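Enquirer: Pulled these from Swiss-Prot:
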type	residues	note
SIGNAL	1-20	signal peptide
DOMAIN	24-75	domain 'SMB'
DISULFID	CYS28-CYS52	disulfide bond
DISULFID	CYS28-CYS36	disulfide bond
DISULFID	CYS36-CYS70	disulfide bond
DISULFID	CYS50-CYS52	disulfide bond
DISULFID	CYS50-CYS63	disulfide bond
DISULFID	CYS56-CYS62	disulfide bond
DISULFID	CYS63-CYS70	disulfide bond
DOMAIN	74-127	domain 'TSP type-1'
CARBOHYD	ASN227	N-linked glycosylation site
Amino acid sequence: MRTLWMALCALSRLWPGAQAGCAEAGRCCPGRDPACFARGWRLDRVYGTCFCDQACRFTGDCCFDYDRACPARPCFVGEWSPWSGCADQCKPTTRVRRRSVQQEPQNGGAPCPPLEERAGCLEYSTPQGQDCGHTYVPAFITTSAFNKERTRQATSPHWSTHTEDAGYCMEFKTESLTPHCALENWPLTRWMQYLREGYTVCVDCQPPAMNSVSLRCSGDGLDSDGNQTLHWQAIGNPRCQGTWKKVRRVDQCSCPAVHSFIFI
């Protein structure tokens, strides 16, 4: 049977009225195209109208030379561009990178991969160099008792004697917190139990948590107008977290010890 099929194909090339399929007709079409046909042998060994469109694979009416005349070619893309800057300054937004198509897919070849990627982004300064963006950074806090163990001498050589002591205190009113805070009972994490909704707490900003350039601590909420909900997270248990609102900035903290914390 195979010999007969090969013989018929050979005879079709000698028949004056016969075309050899897609190659001789010069046809290769994407998708389903009823006008993309030729005269010749089909893959199902029937002579007559055969097709050279991509859908012929599913309908079974391709010309016998479709695979050779119309090989599948995958999509090729170029390299990623560099990441763009943040779409906006001083607030959470996105950055983007793109790549272009070097060769479109043909004849059922692999489709193109994503041509654009986005990622979260937050810039901490304006184009003019003004410090910003701290409102959206969670405040990482721990008990003020940790300050007794932490040296006040910053490691950066840029710190002067004047800036070593240039700290400040932020007062916040707690709005919400997760139940995980109350579950802590280890000696070094028991301080989390004293975080309560509705209480005013003090958080001290001191070196080395204080940035040596901006002289601020991340997440201090200093730019907030007092109505904005800010986020905090306890160091030692990432599931102990919550929200608060800024009350004011003061030079020295004056809250009870159990409601006194420090920025990390």
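Glycine residues also receive a Cβ, built from the backbone N, Cα and C atoms like all the rest.
Relative to the rest of the structure, where do these features sit?
Expert: Looking at the domain 'SMB' (24-75) alone, the prediction's average pLDDT is 90.
In the three-state DSSP classification, CYS28 (disulfide bond) falls within coil.
According to DSSP, CYS36 (disulfide bond) sits in a coil region rather than a helix or strand.
In the three-state DSSP scheme, CYS52 (disulfide bond) is classed as coil. Sequence-distant contacts of CYS52 (disulfide bond), defined by Cβ-Cβ distance under 8 angstroms and a gap of at least six in the same chain, are GLY21, CYS22, ALA25, ARG27, CYS28, CYS29, CYS36, PHE37, ALA38, CYS62, CYS63, TYR66, ALA69, CYS70.
Cβ-based neighbour count (10 Å, all protein chains) for CYS56 (disulfide bond) stands at 23.
In the three-state DSSP scheme, ASN227 (N-linked glycosylation site) falls into the coil class. Applying an 8 A CB threshold to same-chain residues 6+ apart, the list for ASN227 (N-linked glycosylation site) reads LYS245.
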Enquirer: Around the C-beta of CYS50 (disulfide bond), how many further C-beta atoms are within 10 angstroms, looking at every protein chain?
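Expert: The answer is 25 other Cβ atoms.
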Enquirer: For the disulfide-bonded residues listed here, CYS28, CYS36, CYS62, CYS63, CYS70, which shows the highest count of neighbouring CB atoms within 10 A?
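Expert: Of the disulfide-bonded residues CYS28, CYS36, CYS62, CYS63, CYS70, the highest Cβ count within 10 Å belongs to CYS63.
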Enquirer: Once the DSSP letters are reduced so that anything not helix or strand counts as coil, what is CYS63 (disulfide bond)?
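Expert: Going by the DSSP assignment, CYS63 (disulfide bond) falls within a strand, counted as strand.
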